[in-house]
Amino acid sequence: MTLRVLNTLSGELEPFEPADPDDVLLYYCGLTVSDFAHLGHARTWVHVDVVHRWLDHAGYDVRHVENITDVNEKIVARVGEGDLGDSERAVATTFTDQLLADMRALNLKRAEVYPRVTEHVTEIIDLVETLIEAGYAYETDGSVYFDVHSFEDYGKLSNQTLDAVEPQEDGDRSEKRNPADFALWKAGGVDTDAVTDHRHPDREYDVTTPDGETWDSPWGEGRPGWHIECSAMSMTHLDSSIDIHMGGRDLVFPHHENEIAQSEAATGEQFARYWLHADLFQMGDEKMSSSLGNFVPVKDAVPQFGVNPLRVFFLSASYNSTQTYSEAAIHEAEERWERLHSAYRRASEAADSAAAHTTVTDEDFHAAVDDADESFTAAMNEDFNTREALTALSSLASAVNTHLDGYDEYDYRGLRRAIETFETFGEDVFGLDFTGTSEGTATLADELVSLVLDVREDERSAGNYERADQLRDELGALGIEIQDTDDGTEYRL
RNA sequence: GCCAAGGUGGCAGAGUGGCCUUACGCGGUCGCCUGCAGAGCGACUACACGCCGGUUCGAAUCCGGCCCUUGGCUCCA
């Protein structure tokens, strides 16, 4: 059972073998904090999270680093907008705080560190100096550019040749030797044209011409280029050569291509051995993106749909295929989640009931649990096929229900195995919350509902079904669904 | 134009040569169960694989060509 992953570098499925057999160094290209995170980001996060969790499950010690880009013209563009903040750093902090809150809400495993560009300018400058000394970069008028012609392998990730890239004329930065050269360090302050471009025509700003932050460097006052930060932070917090580098497919070129060029030019080592790219999330027939303004923010979606349904929704398509937003699809995922959760609860209650015996053995049940276990593992090992893995969990739910419906006395060991499988794969690997008691509010509300249910039960016993149904309908109108079972009436919000 | 991913049943979405799985789920139909409903179980429905050729005893799955969609081509997860 070896893990195979689709490496963008080769375009092929490759056996996964970390440099150190016990550890995995994982870097995920995080966000530029210039807006609220949306479901497209959330989808990638959840998949990165599951990769992390699966590697944990496989016994690796995962060192996971995730950067936050807090220096960018788009951030500066929002200075003075509403309560976002009155400086680049303040705006970045506003969105960073929300981003981390969104991640917690999505039940993502924490990265080891969330490094920020503003905290790594020293390392960035050191890396740029190394590149200049090695002849891979040149300085012009206080700006420093990477000379793509000096790096032989340029284009190996996106499978493009310089000839294909070069015709894309840049225009404004004429001090570059070649159009494809990219900035490592930019002289002066923010690009005011870029800031203006990113301002929203319908929004009001307290500051008309905001400044971005600048730093001293050997080439004078300036700002770091976009790509250099990830190289610097990956090397600082992990190593000069790491195992996995992940990100959205839209980053393959130029961002990741440039990261490879500058990193490998500087160190002479392979920057990352496996490049995994999550495909994009679509809104209708175009991608969901901040710049297109067609996005659903995470902070709105989590309360609306719930974290478990959202995670199931994202995992119901594999990370390297596109997925399209639709409320109907998310509601379907919610039903799927409910089915899994309800089977888990039934198994737990049955295992604790007097009807469960260690002397009862349902061979079919055991075989189904074995099968779910093997299928889940095989699916995940084949490039994290979460959809197939989800299928295995559905089968497990069916197996539990079939057993409980078919037997009057229950197979205790079988139930325990099913429960453990749900917990291992559903909770630990997929990050679903099976054990949490819905919202964990065993309060006055619960007692009141119980009271109403008792009254309803009395009416039912007396044959007053009209009255009983009326109570059920009225509870339903309040958002409380009830369900009569052999073991009494259950309800959920 | 170049690079990349993809085109599968009403929807959504796995499957990469012959257990075809018409996977799993949603939807729909019918049974069981239930006072009813819901949930659950069982059965059925949908016998699909962009188009045209080719390889093969046999292809959704391999090869060639074409059409279309999405993404990237220096703001992008």
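In case you wondered, yes, glycine gets a Cβ from its N, Cα and C as well.
In TrEMBL this protein carries:
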BINDING   A:CYS29, A:CYS230, A:HIS255, A:GLU259  Zn(2+) binding site
BINDING   A:SER290  ATP binding site
COMPBIAS  A:195-206  compositional bias 'Basic and acidic residues'
DOMAIN    A:375-444  domain 'Cysteinyl-tRNA synthetase class Ia DALR'
REGION    A:193-219  region 'Disordered'
MOTIF     A:31-41  motif ''HIGH' region'
MOTIF     A:287-291  motif ''KMSKS' region'
Neighbours of A:CYS29, A:CYS230, A:HIS255, A:GLU259 excl. site residues, C-beta within 8 Å of centre, Zn(2+): A:HIS227, A:GLU229, A:SER231, A:HIS245, A:GLY247, A:LEU251, A:HIS256, A:ASN258
Proximal but sequence-remote residues of the same chain as A:GLU259 (Zn(2+) binding site) (Cβ under 8 Å, at least 6 apart): A:HIS227, A:CYS230, A:SER231, A:SER234, A:HIS245, A:PHE271
Reduced DSSP assignment, A:CYS230 (Zn(2+) binding site): helix
Pairwise Cα distance for A:HIS255 (Zn(2+) binding site)/the residue listed as 'ATP binding site' [Å, integer]: 18
Set of same-chain residues at least 6 away whose C-beta sits under 8 angstroms from A:CYS29 (Zn(2+) binding site): A:ASN67, A:CYS230, A:HIS245, A:MET246, A:GLY247, A:GLY248, A:LEU251, A:HIS255, A:HIS256
Spatial neighbours of A:SER290 (ATP binding site) that are distant in sequence (at least 6 apart) but have CB under 8 A: A:SER34, A:ASP35, A:HIS38
Mean of the pLDDT scores, which run from 0 to 100, over the motif ''HIGH' region' (A:31-41): 94
Number of other Cβ atoms within 10 Å of the Cβ of A:CYS230 (Zn(2+) binding site) across all protein chains: 28
DSSP state at A:HIS255 (Zn(2+) binding site), helix/strand/coil: helix
